[in-house]
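A.B. asks: The structure's right below; bear with me while I get my questions together.
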Amino acid sequence: VLSAADKSNVKACWGKIGSHAGEYGAEALERTFCSFPTTKTYFPHFDLSHGSAQVKAHGQKVADALTQAVAHMDDLPTAMSALSDLHAYKLRVDPVNFKFLSHCLLVTLACHHPAEFTPAVHASLDKFFSAVSTVLTSKYR
């Protein structure tokens, strides 16, 4: 459960990301593909090379979904319902991949915002990404 402090930390951090959200989403995807090669199996139709337009576009989708989640932290299940359905029923993404992407998002944010990435912010973002992952995998059961 996200505390009031966690929500405040996440909103403040996400606010600083601003127009870079799509760029960071793409970078996190690239990190995920490099660090966890099995994740590539869900994107056989993508050009997965560095700077690929397809990876950038999907990175923007990830960022947009997270921006929506930040805006609706008090009701993630409703806000993420359609995305949960998509990943569970159509794409059938292995739930562990959300953890991999979450880790790579944390690394990406820490690289770009080291001064703001305090232990408290790190913990809050980790809890937030975990909450989003839990919602995205809730329909698997």
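Placed from the backbone N, Cα and C atoms, the Cβ positions cover glycine too.
Just so it is clear, the model here is predicted, and its values are computed rather than measured.
So Swiss-Prot says this about it:
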- 1-141: domain 'Globin' (DOMAIN)
- S3: phosphoserine (MOD_RES)
- K16: N6-acetyllysine (MOD_RES)
- Y24: phosphotyrosine (MOD_RES)
- S35: phosphoserine (MOD_RES)
- S49: phosphoserine (MOD_RES)
- H58: O2 binding site (BINDING)
- H87: heme b binding site (BINDING)
- S102: phosphoserine (MOD_RES)
- S124: phosphoserine (MOD_RES)
- S138: phosphoserine (MOD_RES)
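Have a look at these and tell me how they're positioned relative to everything else.
C.D. replies: Mean per-residue pLDDT, taken over the domain 'Globin' (1-141), amounts to 95.
S3 (phosphoserine) has a Cβ environment of 10 other Cβ atoms inside 10 Å.
Following the DSSP three-state reduction, the secondary structure of K16 (N6-acetyllysine) is helix.
The number of other CB atoms found within 10 A of the CB of Y24 (phosphotyrosine), across every protein chain shown, is 20.
The DSSP secondary structure for S35 (phosphoserine) is helix.
Around S49 (phosphoserine), no same-chain residue six or more apart in sequence has its CB under 8 Å from its CB.
The Cβ of H58 (O2 binding site) lies under 8 Å from the Cβ of G25, A26, L29, F43, F46, each of these being in the same chain and 6 or more residues away along the sequence.
The local packing around H87 (heme b binding site), expressed as other Cβ atoms within 10 Å of its Cβ over all shown chains, amounts to 21.
S102 (phosphoserine) has a Cβ environment of 19 other Cβ atoms inside 10 Å.
Residue environment of S124 (phosphoserine) contains 22 other Cβ atoms, counted within 10 Å of its Cβ in all protein chains.
Taking a C-beta cut-off of under 8 angstroms and a sequence separation of 6 or more, S138 (phosphoserine) has the following same-chain neighbours: P77, S84. S138 (phosphoserine) carries a helical DSSP state (H, G or I).
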A.B. asks: Reduce the DSSP letter at S102 (phosphoserine) to three states and note it down.
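C.D. replies: For S102 (phosphoserine) - judged by DSSP and reduced to three states - the answer is helix.
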A.B. asks: Checking your reading of the structure: which of the modified residues S3, Y24, S35, S102 lie inside a 10 Å Cα sphere centred on S124 (phosphoserine)?
C.D. replies: S3
